[in-house]
Each structure stands twice: as C-alpha cells, then as structure tokens.
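S.K.: Sharing the record's features from TrEMBL:
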- A:2-117: domain 'Response regulatory' (DOMAIN)
- A:ASP51: 4-aspartylphosphate (MOD_RES)
- A:126-224: domain 'OmpR/PhoB-type' (DOMAIN)
- A:126-224: DNA-binding region (DNA_BIND)
Amino acid sequence: MRILLVEDDAEVARFVRKGLQEAGHLVEHAANGRDGLFLAASETFDLLMLDRMLPGGVDGVRLVETLRGQGNRTPVLFLSALSGVDERVKGLKAGGDDYLVKPFAFAELLARVEALGRRPAVDVPSTRLKVADLELDLLSRTVTRAGRRIEVQPREFRLLEHLMRHAGQVVTRTMLLEKVWDYHFDPQTNVIDVHVSRLRQKLDKGFDKPLIHTVRNAGYMIRAEA
Amino acid sequence: MSVRGGAIAEGSRWLRRQGRPGVAQGDAHAADQGIGQGIGSPPLPTGTGTAPAMPLPTALRAMKPPRLMRSAGFRFALLFAALFAGSAVALAAMLWWGTAGALNRQTDAAVRADVLALTERWRETGPTGLAESIDERLAGDVENETIYLLVDPEGRKLAGNLDRWPGNLPASEQWSQREIDREGLRAEARLRVENLPGGYRLLVGRDVEERERLRELLLEALIWSAGAVLAFALLGAWLVRRALEKRLLPTYATAAAIAGGDLGSRVPLSGRGDEFDRLASTMNAMLDRIARLMDGVRGVSDAIAHDLRTPIARARGRLEEALITASHEEDLRGAVERGIADLDGVTRVFQALLRIAEAEAGSRRAAFAPVDLSPLLADAAEYYAAEAEARGQQLQTDLPPELTLDGDRDLLIQAVANLLDNAVKFTPPGGTVRLEAATGGGVLRVAVTDEGPGIAAADRLRAGERFFRADAARTTPGSGLGLSLVQAVAHLHGGTLELLDAREDGERRGLRAVLVLPRG
C-alpha cells in the first residue's frame, strides 16, 4: 500500500514509517499540513494518515475537508492526541474514516491501516461470507461450518461478521468494541476476550482446525490455515 | 485544594446570608457545590479561603469612574432631566393658554360684542342715539375698563371717554394694542375701529392694564418655576447617577477582586430582586461555574501529581533495573514488555482522568440528545453477562421497554459499564449481580446491585473522589477512578450517584449503586 503520513513529530513519524515499511507498505512523509495537502492532492495514495494538529496553517481536519471538497475519496486515518468525544466526532464528520488516539500500540495502528486500506472501494453487497468451511449467511443470519448449523447469539453473529469481513487481517479489541458494540471507551476489564472465546468454542467444537486465532499483543484474526 | 475549597464555601455562605431565597440563583449552585465538595474532599476549616487578593481600594482606584459624558449614569440622568423639563414646559404652556390666553380671548369677545351692538344701534337711531347709548354704557361701567369714542366726519368727538382720536390706528375691523392717554393717565388698551356710514368712526376698546399686570405675574411665576424645575431635574439626575453608581459598586468591587485573584468573592445581593440583583446572581452563577471548572483542572493536576507518578516510577524502575541487570535478551524483552504494559496503564488512567474532567466541565451538555437508555442498558448487561458467567456469577436484569432522557450516550454507557465492571469484579463466584432501571417522580433510576464487600459508611462520601480505594478494594485491580467518572456523569446530567447497602445484615453487605438522573 502507498501511504501518506502527515505528522509533525519527527520521532513518531520515524517510528510509524519504519513499522509500516516493515509490514510491506510504502510511506511518504510530510511534516506540515501545507506539504501534506500538496502531496495528497497531487499524487495517488491508498491511505492518508493525518495528525489533527499540524503546523503550516492547514490542520488535519482542514486538510481532509479540502480533499473531500475536491472529490478525493482516499481513506483517511486520524492520529491525534485530542481524545475528547467531540474531537473524534469532529474528525469523522470532516471526512475521516477512522480515528486513533495517541499514544497507540503499533499493532493497533497497523490493524486499522490494513482494515482501511483493503476496504473495497465500492461496497459490493455480498450476502454470504466464507472462510474455509465456515459460512455466514447475512440474509437468513445463520452460521454453518462444514454444512453443520451453529447457533449463535445476535451479538456473536455481528462479532463473527466483522471478523470475517476482515478475514486474514488482525482485528484489535478496541476495533471490535467500536465496530460491534459501538463503545468508544476502554472498559476496565477485557470482557471482549470472553465474548471471543465463547464464539470460538461454538465454532471449533467438534472440529480439529481452529479458525479464530489470537494474535499476541494485538487482537484476533480469522483465517483458514492453522 | 483546601484553600480553594474554603474559598468556595466562604463565597456560598456569604450568598446565603445576603441573598433572598427566591432570587439567589447562586445559592442553588452553591449548595450543589457544597455536595460536590463534601464528596470530593474532607470537611474544611472555614474562613481559610479569603485569598490574599489585591487590596480592594487599590483595585477600585484602578477603575476610575468614567468621564461625565461617558457615564451611563449621567446619560440616564440627562435623559431623565430632559423628560422632566419637557413635561414641565408642556404644563406651563397649557397653563398659559388656559389663563392669560383665556383673558385675551374674553376681552376680544367683549369688544366684538360691543361693536356689534353699537353698530346695530347706529343703524336704528343714527349718531345721536349711538352717542346716548355710549354714554349709558360708560355710566354703567363700574370697573372703568371700557373705552369708547365716536367722532363725526370732521373728527370731532360726539361721545366717549377719550379726548381725541388716537393717531396711527389700523384700518377698520382690525385689532390693535397700544398705549393711550385716558383721563390724563397712560394705559394699555386693546382697540378696534369700526367705520360707520357717512364718515363717522367708532372706536371700541378695553383697558387691559390690569390684565397685563396679571400676565406679568403669571410669567414671573412660570420663570421661577422653570428655574425650580431645572434645579430639581439636575438634583434628580445627580441622585439617579449616584444611585446607579452605588448599586453597581459591589459588582465592580467583586469583578476587581476576581481579577485580582480572589476567586471566592461574590457579588452581594440587595434582596430587592431587581435588575441589579438579577445581574448579580447571574454573575455569581457564572463565577460558581468558573470555580467548578477550575476545580476540575486543579483536581486533574493534583491527581497527576499524586497518582500518575507512581506507575510511571514503577515502569521506569523496571526498565532501568532490566537495563542494568538483565543478562539475557529474554529478560530484557520481558522487562520492556512490562514497561510498555505499565505505560499503557498510565495512558488508561490519563484517559479516564480526561474523561472525568470532560464530564465535570459540563461542556458536553451542549451535545445532549434524546437517548433511550433501555437498549443501551440491555447491551451493557449482555456485554458483562459473558464476564459474569465466566466468573460463575449470574447477571440479572429488570429493565422497562423504554427509558428516554436527554443526555450524552457515550458517557452514560461508560458510567453504567463502570458500575457493572465494579459489581462483577467484587461479587464472589456463585453470586448475583442485578441491573435494574425504573422511572418515577421525574427521575430515572439505574441501579446496579452486587454481593461484594460493599463500601463502609465512612468511606461512602469519599468513594467518588479520584483515586480513592477502600481498604477492601486494594487487592483487586483498578485505578480508583471508576466511581469518580460515574459521579461526574451523574452531575453532568443534573443527577446524583447514591451508594447504599444492598443488604442490611450479614458480613457481605453488598453495594447498591443508584444513578439518579432527572428526565428532561
């Protein structure tokens, strides 16, 4: 993926850039809003990562608004030290696709980058999701594995749907909380693990190959091979 | 912290003493503040709060009274004087028209009637009869005010009380007012000439000397009263200006004291409930709000100073120790991982503190929207039911189908999540956690009941304090911020957090935490 990182803090920029490059992405860096806007408008990127507060007279929100005004639909991930609920809403309203508060774990950042970058440009309305022998029917809201019906709760269905839409990608606990529960805070106890392990038990019971994998220090991933 | 608390308490007491119960809006805030204070900090000694601000006289001297024309008081007063003088002028004009004017009109009417009557007489009887008639009239005039003169075409006098025809009289049927010689005296008279057929001329008039004197008197009186009006207007203006200044002085003084750093200072209310009291109580409410915001900021900085240093120190210590003593890469890696986990913990505490400050500042109140709590509570219960089950507990719910109120969805969920988190954390395996909600009496109650150790009555007031952890809770993981946030969210919504015993007897009394939120 070709990623533009607009971040004024040199150390954060270096660390993010290095990590993304190691994960196989191409990263361009701009240290202020003006340069960032210029690059974003003149070249093609798969993803923009923007700080909210930037020097150079153009802050992250302005930058996105300008790009969106020009019809540029490149996915935008905000990286910001502004953590208020309003700030997140402001960033998303301006045209951002995701919002990550500093300080963040790199695994969290990478998971969100991949989720945004590999998002299909046009949402093809698919009615079935399939990973290995696991099938999810979005119309009848049923789950089957190797033809055998598995009973899940509505919330578990949504959890599984989210994991399967991002099959092969790491999905962090925070992402699950935000996307499946619409909770934008950090519950003190990691209850999410309990939900995932319940789902996992239901899916893997009677099968020898587990589908939901725990990625250490990051989150969960659903994929075919062990 | 203690100085600040004292200052607020001091301010609110002052208000309570000065304020009328009906208008003292600041009072409600002060009382509210008092509650927050009670939970937030131990009882404070009184009187410590009068901060060493800029001495008041200096502050006031710095604020010179405005230049005369710039003074709003003076301008009001001037307007007042102008209105007063204007009405006085109108009164005088009416008076003049009604007295002096009426006299003139009366005189003119009498003369006109005389002329008419005498002309008629002339037509009937000719010069001789007219002369007789004039003599009769003169004889009957006891006040000696009437003037008549009839002359023949040669200008000789036929009848009347004037010796000769005065010169420069205007033409017939016109009025003139002039001095004439009459029986050796000069007198002011109002005259009218009537030309009769055959060259005879008739002069009819009235001596208005007396009336003129009366008019002069009246005029003099009016001039005097005009002077008095002006004097009263100026006096009134001065009084108005002084009263305005006097009423505004406490407000200046308070503002100056606040600007000088004495944040506990409040505008005293006069108790009259007038516009100035309204201004004062609005200002006081604003000051209370500012004080609360400052409390929030101070609370966060206190908390950072006291309780964030500890985990940071721990992380630092671990990393340093590993740097010095770790012999394998494995050890080093482990220490770094623990260091990162520690820092994540610090971040989490920091985030929680910011959330609390956000709720306490009340700025999110602008974003309040109608929220149906019922599905949100059901979701939260479902979310924590998994955890409860994993711990061998039961989570029961009793929720009505609809629970709407105006509020902040995210903060409300987080508050309930914190309560459930606590309940699940402190309830032993096999125990039951209950989430109930009900409406009634204009409030909405969300209660979370657990079977944990509960909170001792002595600790209950402090439970909402940041970082406070009861002795019984010290062994369980947690930051001591959960209930602070719940309480801040409750206050943000104008409600309260009640902490009660779940059971009366037994060692495990349990905790029943009730979020009481007013609806609308």
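From the backbone N, Cα and C atoms, a Cβ is placed for every residue, glycine too.
Looking at the shown structure, can you explain where the listed features end up?
M.R.: According to DSSP, the domain 'Response regulatory' (A:2-117) comprises 54 helix, 24 strand, 38 coil.
Long-range neighbours of A:ASP51 (4-aspartylphosphate) (same chain, six or more residues apart, CB within less than 8 Å of its CB): A:VAL6, A:GLU7, A:ASP8, A:ASP9, A:GLY60, A:PHE78, A:LEU79, A:SER80.
Residues of the domain 'OmpR/PhoB-type' (A:126-224) grouped by DSSP class, helix first, strand second and coil last, total 35 helix, 25 strand, 39 coil.
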S.K.: Would you report the average pLDDT that the model assigns to the DNA-binding region (A:126-224)?
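M.R.: Mean pLDDT across the DNA-binding region (A:126-224) comes out at 89.
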